[in-house]
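Worksheet: the structure to be examined is printed underneath.
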Amino acid sequence: MNKITIAIDGFSSTGKSTVAKQLANHLGYIYVDSGAMYRAVTWYAMQHHFISNTYFHVQDLIAHLDQIDITFTFNPNLGYAEVYLNGKNVEKQIRTLEVSGFVSQVAEISEVRELLVKQQQKMGESKGIVMDGRDIGTVVFPNAELKIFMTASPETRANRRYQELLSKGEQVSYNEVLHNVQERDYIDSNRKDSPLVKAKDAIEIDNSNLSLEEQFNKILQLVETKL
Ligand code: CDP
Ligand code: CDP
């Protein structure tokens, strides 16, 4: 059977990565979490004191981009690939609310985007890939056979992310999470380079009232029409 490229874009915590992993497992495709790559660059910038609440040394980060090596390694116990930064597994470090607080500023930098988009396009050269993010259907894979644009109300999304962070033992409040989700929505949608917009040929799915199973079945039906 011919393999296709599936691009899943949308706002934070709409369930993109959950459904992308399910689809990749079901179809035997590669799953790539492009947001994890922006988060890994952000973690690197934090570790090297290029970004904090009071400063952002953009030029220093740009000068160090050639020292950032991001790879994915499949973890059979989890059923998906985890992200490594310069050889170290950083899955846990990059998912915190602190990283979420800086990542949209890092993702605004064109040099960062250029580097990561090139790597993402290389990963999708042979098709058979599900990638989720903000610019996958518009910039990374404009010719993807299936493009999905996921939405849900900000409150629904913040509540989902809040529950997720609590379950990982992070001490956060619902209001902090809601603020972060709304701030990232704004920066991601309004930046000059590759803003978060629905591709003309993307299918929009509002999953505010859909369970994980319902959203998976809905998208799988769309995949089957493309295959
Ligand atoms: O999981 P969540 O939706 O919260 O975020 P993510 O997918 O991990 O992405 C984190 C951030 O990376 C986003 O808020 C964007 O600023 C940036 N991003 C991007 O600019 N382009 C992408 N293709 C993916 C993520
Ligand atoms: O990748 P993205 O940030 O779009 O979202 P995610 O990490 O896949 O989902 C964020 C959280 O929302 C996870 O805990 C999902 O299980 C949950 N979720 C849900 O409960 N119902 C949905 N229809 C979609 C996501």
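The backbone N, Cα and C atoms fix where each Cβ goes, glycine too.
Automatic prediction, not curation, is the source of TrEMBL annotations.
If you check TrEMBL, you get these features:
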type    : residues                                                      : note
BINDING : Gly10, Phe11, Ser12, Ser13, Thr14, Gly15, Lys16, Ser17, Thr18 : ATP binding site
DOMAIN  : 6-224                                                         : domain 'Cytidylate kinase'
Q) Sorted by position, what residues of the same chain at least six away from Thr14 (ATP binding site) have a C-beta under 8 A from it? A) Met150, Thr151, Ala152, Arg157, Asn207
Q: Please report the number of other Cβ atoms within 10 Å of the Cβ of Ser12 (ATP binding site).
A: 25
Q: Please list, in sequence order, those binding-site residues from Gly10, Ser12, Thr14, Thr18 with the Cβ less than 6 Å from ligand 1.
A: Ser12
(Q) Quick check: with Gly10, Phe11, Ser12, Ser13, Thr14, Gly15, Lys16, Ser17, Thr18 left out, which same-chain residues have Cβ atoms within 8 Å of the centroid of the ATP site Cβ atoms? (A) Asp132, Met150, Ala152, Arg157
Q: Please report the DSSP secondary structure of Thr18 (ATP binding site), reduced to three states.
A: helix
Q) Do any residues at least six apart in sequence from Gly10 (ATP binding site), in the same chain, have a Cβ closer than 8 Å to its Cβ, and if so which, in order? A) Lys16, Asp132, Arg134, Ile148, Phe149, Met150, Thr151, Leu196
Q.
I'd like the number of other C-beta atoms within 10 A of the C-beta of Lys16 (ATP binding site), please.
A. 27
